[in-house]
Amino acid sequence: MKHWIQENYKNRSWAGELNESQEGKQIVLFGWSFRFRDQGGVIFIDLRDRTGIIQVVARKELLGDSFTLAEKVRSEYVLAVRGTLKKRDLESINPRMQTGTIEVVLDQLEILNVAKTPPFSLDEFDEVSEELKLKYRYLDFRREELKNRMIKRHEFIFAIRNYLNKRKFVEIETPILNKSTPEGARDFLVPSRLNPNQFYALPQSPQIFKQILMVGGMERYFQIVKCFRDEDLRADRQPEFTQLDMEFSFVSQEEILSEIEGLVETIYKEVFNIQLSIPFPRMTYNTAMEEYGSDKPDLRFGMKLVDVSEIVKDCDFNVFAGAVKNGGTVKVVCVPGGSIISRKEIEDYTAWLNRDYKAKGLAYMKHGTEGLESTITKRFKKEELEAISKACGSKEGDMLFFGADEREIVNHSLGALRLKLSERFETPKENEINITWIVDFPMFEWNKDHKRWDALHHPFTSPSDESIPFFESMETLQKNAGNATAKAYDLVMNGVEIGGGSIRIHSKEIQNKVFQVLGINEEEAKEKFGFLLEALEFGAPPHGGLAFGIDRMLMLLTGGKSIRDVIAFPKTQKGLCLMSECPSPVEEKQLQELKIKLAKV
């Protein structure tokens, strides 16, 4: 390798940082040839490094025999360049490039490595299938989109650490090899070679350990942590993902919300230049479910669910009147301009809601020139139709969709329909951000399939002050489990839950009662959570916290379609890494060491 190359590794210039003030200076650059153009006697090479692109000009009359080396350059060759920075002629200025007013006139060139022709274009404006990008992730990093997202991710996490350090938080690493407590999603299990027939589990969250840290007196903890869940994947899920995990001692819910608002406001401004207004609005869980059909409502548009049960309870349309009579509800969502929705589309919506949300049907009315129109309007009095229209604020050209069933089915089905129709009729403004706290969650939810109570958040969530009397005895608690609310809170951005947490239970007595409600007996509780229950007997302080989904936040802030867009080496929706081809079989010897025998599938 030429001597001048090694001498300048430390003193290199960065392509994206060059500017006109350096005109006449000798510049040394390292990078990849992005584009090249041979114009007979002059070769133009767009040299790319992490910071940007600079045009390098090789002139035959200046280079002599060395010009033949420039002629060998092809796409993605690794180059070392030395030359003089010059301003471009006016007719050569490229306003689309950050360095479009300057160029480097080549003095010396070295090809450090050659490259095969890439399987896809590395130009940011060219469409490339996600499968190809995941298989050749190392090439995708050279594209502006992924590279910039990785840099933003670094800046985002750096800003978090910087802010929390100033707020007296201590970053502490919790174990990756954990005890399996399969209460939520499935655990990823790791067999122990030293302890045959025993298994570790990769952590779904550091929940118990961070509570232990509070018992230990650390008071303010945070961690940028990897979490693992073996679940079916969707657009916003990965088997491994990154959280900002936090826990506080001697703190109220109000103080936690305020602290988080300060953090979010600061990092959004520093990293993305987004100015937020704090405190963030708050909405109760009950309001979110009743008016939006979701505990993570997208509030950038209207189309609220409106309860019209009182209006239709005595109407002649038995689907509506019968639902109210049987203790259910009737709600309507008004779609502005939705009268253009075709009958075929309505049939498709009906089938979808029946399949995924158990909705028995989807009644509808159009708001025409004479008011509400439909095949069912003849079953309603004029006053009832007028009252429905007034309740939801419909006007000519709108479409009204109705749900009539159990309250839960109506809320979930119309909430899902609201989101689907918003993509067409209520598209939010570009770059609009709405962040809202959802508070006052139920502590438990009834599991119809297993006929039991489940924790809505997790078993360690503290009851609200209003619900504490329910915990005076197990008999009282069992009777009022459905009425108990929790000191729990979720932070929702544009219809996506980006964070959630709660005040924790610091009383062993209350914690044991919660376990009993959930059907976890004393022996099972001791086996799974014994070390936490024991720790609670050694002076556990009042404490609480939350976790942020860093991947989800960055997906929203960088305009990604999936969290795969902001993760360096993500898995597919089948949990596969197309680049490294994992998961993969292992050698029989490894299985024997672990005392594992594979079953035929």
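Positions of Cβ are set from backbone N, Cα and C atoms, glycine also.
According to Swiss-Prot, the L-aspartate binding site annotation covers GLU183, ARG229, HIS457, ARG504. Sequence annotations record features per position, and here Swiss-Prot assigns region 'Aspartate' to 207-210. The annotation ATP binding site is assigned in Swiss-Prot to ARG229, ASP230, GLU231, GLN238, GLU497, GLY549, ILE550, ASP551, ARG552 on the grounds of sequence analysis.
Nearest by CA distance to ILE550 (ATP binding site), out of the binding-site residues ARG229, HIS457, ARG504, is ARG229. Residues ARG229, ASP230, GLU231, GLN238, GLU497, GLY549, ILE550, ASP551, ARG552 are the ones the record ties to ATP, and the longest Cα gap between any two of them is 20 Å. Cβ contacts within 10 Å of ILE550 (ATP binding site), excluding its own Cβ and spanning all protein chains shown: 23.
Mapped onto DSSP helix, strand and coil, the region 'Aspartate' (207-210) counts 4 helix, 0 strand, 0 coil. With ARG552 (ATP binding site) as the anchor, the candidate binding-site residues are ARG229, HIS457, ARG504, and the one with the nearest CA is ARG229.
Separating the Cα atoms of ARG504 (L-aspartate binding site) and GLU497 (ATP binding site) is a whole-number distance of 20 Å.
For the pair formed by GLU497 (ATP binding site) and HIS457 (L-aspartate binding site), distance between Cα atoms is given as 13 Å, rounded to the nearest Å. The separation of GLU231 (ATP binding site) from HIS457 (L-aspartate binding site), Cα to Cα, is 17 Å.
The number of other Cβ atoms within 10 Å of the Cβ belonging to ARG504 (L-aspartate binding site), over all protein chains shown, comes to 25.
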